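The following features are taken from TrEMBL:
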{"type": "REGION", "residues": "1-37", "note": "region 'Disordered'"}
{"type": "COMPBIAS", "residues": "21-32", "note": "compositional bias 'Polar residues'"}
{"type": "BINDING", "residues": "Lys316, Phe361, Leu362, Arg363, Ala364, Gly365, Gly369, Lys435", "note": "substrate binding site"}
{"type": "DOMAIN", "residues": "428-535", "note": "domain 'UDP-glucose/GDP-mannose dehydrogenase C-terminal'"}
Amino acid sequence: MNPLPPSAVEADELGALDDSTAPTTPEGSLTFSPPLRPQDDAAYLNLGSRANSPPLSSALSDAAARASPVRNICCVGAGFVGGPTAAVIAFHNPDIRVTVVDRDEKRIRRWNSRHPPIYEPGLNDILRIARDGSRECVVASSPTNCDAAVSSRDDEAAGASEGHPGRLITVAARQPNLVFTTDVAKCVSEADVVLIAVNTPTKSRGNGAGSATDMAAFEAVTAVVAQHASPGTIIVEKSTLALYQPGVHFEVLSNPEFLAAGTAVKDLLHADRILIGSSDTASGHRAAAALASVYASWIPRSRIITTHVFSSELAKLVANSMLAQRISSINSIAAVCDATGADVDEVAGAIGADPRIGGKFLRAGIGFGGSCFKKDVLSLVYLAETLVLPEVASYWRAVIEMNEFARNRFVSRVVKCLNNTLAGKKVTVLGYAFKKDTNDTRESPALDIIRALEEEGPREIAVFDPLCIPAQMADEIGRFAGPGALQSNGGPVAVYADVYAACWGADAVLITTEFDEFRNAPVAAPNADARPADPRPFARAEPHETDLLALQSYLRLSQPSATPSGLDSGPDAEDPLNRFHPMPPCPEDCPDCRAERVTGSAGYGASKEHVAKSRVDWSKVYYHMNRPHWVFDGRGVLDIAGMEKIGFRVESVGRRSRMAMMV
Ligand SMILES: NC(=O)c1ccc[n+]([C@@H]2O[C@H](COP(=O)([O-])OP(=O)(O)OC[C@H]3O[C@@H](n4cnc5c(N)ncnc54)[C@H](O)[C@@H]3O)[C@@H](O)[C@H]2O)c1
Ligand SMILES: O=c1ccn([C@@H]2O[C@H](COP(=O)(O)OP(=O)(O)O[C@H]3O[C@H](CO)[C@@H](O)[C@H](O)[C@H]3O)[C@@H](O)[C@H]2O)c(=O)[nH]1
């Protein structure tokens, strides 16, 4: 069933041509008002009234008193942003019904199954509680009560009578309040707040192709919203910078998302800021206050920043552009390091010690991937061009150019080290996701590298990723590099589910994603400090959901059955508080169960998230590789000296090694 009207479906399908997510700049030919305009468009910006208006924060606190409570949220888009964001909002607001709606039936089926469509650490726990509801359970308020912390009502009575110093707290059962569905119109019509979190990829054709935002999916949603939303509904853009002003009166807020793949749940639960942009009107302030109250269930008010809508949207673009700029900056220095013998990690460490610079996002390598950085920098470039600021545009374009340079330089180095030819050779690519701890492959540097390697005519390009499902990788490589690239069709690319099989007989191994699994440093002895602490005694008389999550993580790692790294994944180990309702089994013909059985991998199914990260045994890889045992570390995860001790020849971007001066 597709609930969208025919026109919306058509528009969606255009958007579906490019499945990366969205840049965000205005597109001149579009009929709706673009989000950012030159300053002389005073009527649009409403600058006159803003100059004399009271500070937004005080206007918002007045508005907070008048805002009606939010009861029903609809999130359109069940992707990387929509799914986890809606789950966390529902988890922390049991009185709000949160419905996530998507046109993609497969995605919705997966969200309702044991196989969520995305892997994010910690997501499963939140999903299980919000989507399925939870059982009543009893927890000990203090570690002294009983170590297992979970008790029955009988224990509770016994505890009270024995006069334990702590007490046993009954945590009430919860009703489910998170729903996944494909019925867009119904979901929108029932909502007080509609979050729009659909993909808005870079335009691939027409005016602004290659840098402007393709708003097709976003427009399709706003058409449905305009048709079905009740008057007074608050529209919230989670999609990055894509303000739409419908003909009917809806309050439109900008609430950009800052979560990163692989840490989405942590970023949502402990957001360093929530940014809400609104119009500078009484109804805008009321809407912003209503949305702020939803976040205030778990985010301290001091971290909720309210701004004007344009500032909010521009801030999101600038945040990503400046992070990308840091990576390009350090990668430019890596090239200097390779030419001089300096070590980029030493340089990064030395400059990062200056608190004005800071040490984050200075890891040199093959450059950034992912659905956001490139498109958001390009959006900024396009915006600058639209605003006739060519110097600004070329300044930011250089960030993208440097990223491409980093990737090309890496491939050139591989080819050069292999005597300028890959003919007849096997090259293994370790890591296909765009970064570690995610199965997100959008704008993955690995894919660019595979395509560039293919040009060199190798005998085989073997690909392995610890989180992505092999069949899906093969499907994607077939789509982007052409079906002829795959070994099954006579091409060189073969996808493996086993890292040793992938490296067997290789002439070179390339590390293209920074998965810890690929590190060679010895696995550190279990460090008590690194383990989650026992959150008891709780700060509050009644533990908050956050306290229960912390207790659950702590208990998982301290149960006698758990291994030192908490690897036991049995049912009780997964649910030490005994809160989860059992999940119904999948139907016999579940395609995701079948894929897991065939590949033995756990790509879909966050239920496996506590499974150990097993490190590659590099000695084993060495034994089955061809001389001279080349390893090219595109992510700086290897200890070069340790690898050289085994006998490998290692090249690492910007890091000192034997061949450093040669390329
Ligand atoms: N991925 C990230 O880490 C991230 C972080 C911050 C912000 N963002 C922004 O959030 C937005 C969404 O990104 P994402 O990564 O979640 O994208 P995504 O591609 O993972 O998910 C988008 C979902 O929207 C659905 N969709 C598209 N058109 C629809 C329609 N008309 N009706 C119903 N559903 C529809 C798609 O089927 C898809 O499931 C983008 O604008 C992106 O720039 C992404
Ligand atoms: O020092 C570094 C740090 C990161 N990367 C690479 O940069 C890319 C992006 O990494 P990261 O920013 O961690 O992941 P994203 O999920 O793309 O998150 C970014 O993009 C999101 C979407 O807009 C934002 O919400 C986040 O705040 C922002 O960090 C990945 O390929 C990383 O391997 C490096 O090469 N070197």
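Just so it is clear, glycine is given a Cβ too, placed from its N, Cα and C backbone atoms.
Taking the features listed in TrEMBL, we show where each one sits on the structure.
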residue : record                 : DSSP class
Lys316  : substrate binding site : helix
Phe361  : substrate binding site : coil
Gly369  : substrate binding site : coil
Lys435  : substrate binding site : coil
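The binding-site residues near ligand 2, defined by a Cβ under 6 Å from one of its atoms, are Phe361, Arg363, chosen from Lys316, Phe361, Arg363, Ala364. Mean model confidence for the domain 'UDP-glucose/GDP-mannose dehydrogenase C-terminal' (428-535) is a pLDDT of 91. Cβ-based neighbour count (10 Å, all protein chains) for Gly369 (substrate binding site) stands at 25. Maximum C-alpha to C-alpha distance over the listed substrate-binding residues Lys316, Phe361, Leu362, Arg363, Ala364, Gly365, Gly369, Lys435 is 24 Å. Among the binding-site residues Lys316, Lys435, the residue whose Cβ has the fewest other Cβ atoms within 10 Å is Lys435.
Not one of the binding-site residues Lys316, Phe361, Ala364, Lys435 places a Cβ under 6 Å from an atom of ligand 1. Around Arg363 (substrate binding site), the same-chain residues six or more apart in sequence whose CB sits under 8 Å from its CB are Ile327, Ile330, Ala348, Glu514, Arg635, Gly636, listed in sequence order.
Taking the binding-site residues Leu362, Ala364 in turn and counting surrounding C-beta atoms within 10 angstroms, the largest count is reached at Ala364. The DSSP breakdown of the domain 'UDP-glucose/GDP-mannose dehydrogenase C-terminal' (428-535), given as helix, strand and coil counts, is 40 helix, 18 strand, 50 coil. With the fewest other C-beta atoms within 10 Å around its C-beta, Phe361 stands out among the binding-site residues Phe361, Gly365.
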